[in-house]
Amino acid sequence: MKIFKKNIESRVIDNSIEGSIPKDIKTGIWLYFILLIFEGALRKWFLPSLSDPLLVVRDPVAIWIIYNAWKFNLVNRNYFIISMTAFTILGVITALLFGHGNIWVALFGARITLIHFPLIIIMGKVLNKNDIYRFGKFIMWLSIPMLLLIAAQFYSPQSAWVNLGVGGDTEGAGFTGAMGYFRPPGTFSFQVGNTLFFSLVGVFVVYFWTSKSKLSPIILSLATIALLASIPLSISRTLFYSICLTIVFYLCSIIFEPKRITNIIFIAAGSILILLGLMQFEAIDTAVTVFINRLETASDIEGGVSNSLFDRIFGYMFRAYTSSNEIPFWGYGLGMGTNVGSQILSGKRQFLVAEFEWNRIVAEMGVFLGTALILVRVALASKLVFGSLAKMKKGELLPWLLLSVGLINLLQSQWWQPTILGFGIFINGLAYAAVQTKEEN
């Protein structure tokens, strides 16, 4: 017993919130993040024959983190986890009794909120400011080679090794962009991962430029160049909107500290100069032309930026209920709205119920149970918003800036897609940790 107790004590370190936490949990969180970044690379380039099981490669890590957190009483009495677990278990039962009736489909759907969602809370209890900064600095470093990779993908044919799809698919992983160019996925299985990664880079670029936190000026400058160059090379309107939203969130902080306006002027002027310099290179100038074409053609189809943004953020939320008349009371069954669920149930990947998140949840679980699950996410989002506002009043901007990317993801991003789920958990976990922490260790 003494040996066991000594072993446990050797694996804990001080934390400003909980007093002591196991080092293993932090190691697990780092492993979860590393797999999130490089899972696609494994599925495309290095282990293509294992692409299907690698889709859930982070699940065992998440289970291991939860188990260790449970041993140290970090999750036992959390109302968010208890509520989400209860609603998910009910969803599995109703799927088997009144829905599709397939246990494997139900379990695959349950993993989203049963295995991954609790990590947001655990990260909030485990990570301190130093941990968050380490993640931020690593992301800044990583943005530089990631830019070089997406540049190579942008200018390479879809049949090239660098553009191989999941399972080594020679048709390529790129998604149609504009003018014959494809949106590059980076190390991820699909383009959305690249968009979310550089959106997170944008948060830390703004934060490190405007805070007193120490980061090598060379790395910060290179990461800024990587961020600005990634916008045209990604051919992603979502990335462009996301970075703009981060700037808007920063502008909101001026209400509490007006002198921050000088920081935003500095950032704007510096960004313009960097963009003008980048456009002197033909590779970037071509990408800018392609990106502008993408904006123009999408605007013609979807009716402009305001209509597109409003519809993406709010339109599908409302449609989840306006189109719910024909949905059974208990829904069609948990997991039916995932690609894996559709593959098992129908033999091919398609949207059997709905593509967008609230629509999917309500269609899978019914209006009553689906709304209950949605409200847990809304409640957590509200807690993060009020907590980050309180931090911002005290001069700490990081949690508020993280919400510029994490808030919409937490509320209504498509968590049936593993990469979107992973970034949603990780970003909001960082935000929760930034809200919870007191003084920097």
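In case you wondered, yes, glycine gets a Cβ from its N, Cα and C as well.
Annotations in TrEMBL come from automatic prediction, not curation.
Taken straight from TrEMBL:
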TRANSMEM  79-98  transmembrane segment
TRANSMEM  104-126  transmembrane segment
TRANSMEM  138-156  transmembrane segment
TRANSMEM  188-208  transmembrane segment
TRANSMEM  215-233  transmembrane segment
TRANSMEM  239-256  transmembrane segment
TRANSMEM  263-281  transmembrane segment
TRANSMEM  365-385  transmembrane segment
TRANSMEM  419-435  transmembrane segment
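As a quick check, the transmembrane segment (419-435) and the transmembrane segment (188-208) clear the bar of 3 or more Cβ pairs under 8 A, pairs 6 or more apart, so the two touch. Within its own chain, the transmembrane segment (365-385) has Cβ neighbours under 8 Å at 80, 83-84, 87-88, 90-91, 94, 113, 120, 320-321, 324, 327-331, 334, 358, 399, 403, 406-407, 410-411, 428, 431-432, 435, counting only residues six or more beyond its boundaries.
Nonlocal intrachain contacts for the transmembrane segment (79-98), taken as residues 6+ away from its ends with a CB within less than 8 angstroms of a stretch CB, comprise 105-107, 109-110, 113-114, 117-118, 120-121, 328-331, 333-336, 364-366, 369, 372-373, 376, 379-380. Within its own chain, the transmembrane segment (138-156) has Cβ neighbours under 8 Å at 37, 162-163, 174, 181-182, 184-187, 194, 197-198, 200-201, 204-205, 208, 215, 219-220, 222-223, 225-227, 229-230, 233-235, 283, 287, counting only residues six or more beyond its boundaries. Distant neighbours of the transmembrane segment (104-126): 15, 17-18, 21, 25-26, 29, 32, 56, 58-59, 62-63, 65-66, 69, 74-75, 78, 80-81, 84-85, 87-89, 91-92, 95-96, 333-338, 340-341, 344-345, 364, 373, 380, 415-416, 421-422, 425-426, 428-430, 432-433, 435-436; these residues of the same chain sit at least 6 beyond its ends, with a Cβ under 8 Å from one of its Cβ atoms. Here the transmembrane segment (263-281) has long-range neighbours at 206, 209-210, 224-225, 228-229, 247, 250-251, 254, 288, meaning same-chain residues at least 6 beyond its ends whose C-beta is under 8 angstroms from one of its own.
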